[in-house]
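S.K.: There's a structure below that I have some questions on.
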Amino acid sequence: MASPALLMRVVASAYSVAEKAATIVRKVMAAGDLGIVEKTGANDLQTQADRLVQMSICASLARKFPKVTIIGEEELSSDEVTEELIEDGHCEEILKKTCPAQYTGIKEEELVIWVDPLDGTKEYTEGLLDHVTVLIGIAYGGKAIAGVINQPYYNYEAGADAVLGRTIWGVLGIGAFGFQLTEAPAGKHIIVTTRSHSSALVNDCISALKPDSIIRVGGAGNKIIHLIEGKASAYVFASPGCKKWDTCAPEAILHAVGGKITDIHGNSFQYNKEVKHMNSAGVLATLRNYDYYASRIPDTVKQSLVP
């Protein structure tokens, strides 16, 4: 049997690396000292979990795939990473899937991996644990083609014996796994948006869409999960602030199941290694009915957000 294509090996490793990351996230929380540092202000935090998880993910993947470009959210010195942070495993089930033909010839140096070690840090520090995700997005030719989202605290409200955490993964041309794909109720306009980065523009944009209800939660990964599990019909964020490491993994998973994500103007996101990190023209994402929402974004909002 031929050995699995590089892309499938990277995704299979990213799966195990994300599971390791989740154990680190839970361990830091359980130990009780989050080691919180403010980066640019009270809404932009970094914890010990952000730091350890990023070191773990980046070092583990770099060891196996040395020529891949890995871009992480946190600016960390690449000090000696301790061996206990390294994850060497991979998910066998992913290696058994056939790599889509258009990706079989990919070389290591053509891949860019975007890492958000802890998406929803502010919520993590406030104990809103179900908002928290670990994001590993894999891009090729500037496009998000595969992604892994781990929810370290999935199921945490189910009681003391509940098995915590789950890992969702997807590859364009194969599909996405680890969750039950569900569409939002037909005819309902449920918008999921930011919890801690609201503004007049964000709220004006949402009210123009005349939603039946609005869900405010932390984390881009968490918002995309709301779309693919049918809890929301659109993710709307009319503001700069979201970064490439927030959207790369969720985009790959959403696109793998037929959804769509763009900026507020309808432009696709680019993920090549030279690209600027900020998604400065906001986010619009849906599992279905993208055009309905895109056509209702007010021009005043579009004019305020420059790509």
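Yeah, the Cβs are placed from backbone N, Cα and C, and that goes for glycine too.
Nobody curates TrEMBL annotations by hand; they come from automatic prediction.
TrEMBL lists these features:
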- Glu73, Asp116, Leu118, Asp119, Asp246: Mg(2+) binding site (BINDING)
S.K.: Quick check: with Glu73, Asp116, Leu118, Asp119, Asp246 left out, which same-chain residues have Cβ atoms within 8 Å of the centroid of the Mg(2+) site Cβ atoms?
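M.R.: These residues sit around the Mg(2+) site: Asp50, Val115, Pro117, Gly120, Thr121, Thr133, Val134, Leu135, Gly219, Ala220, Gly221, Lys243, Trp245.
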S.K.: Considering the binding-site residues Glu73, Asp116, Asp119, Asp246, which residue's Cβ sits among the greatest number of other Cβ atoms within 10 Å?
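M.R.: Sorting the candidates by Cβ neighbours within 10 Å, the top entry is Asp116.
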S.K.: 10 Å Cβ neighbour count around Leu118 (Mg(2+) binding site)?
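M.R.: I get 31 for this one.
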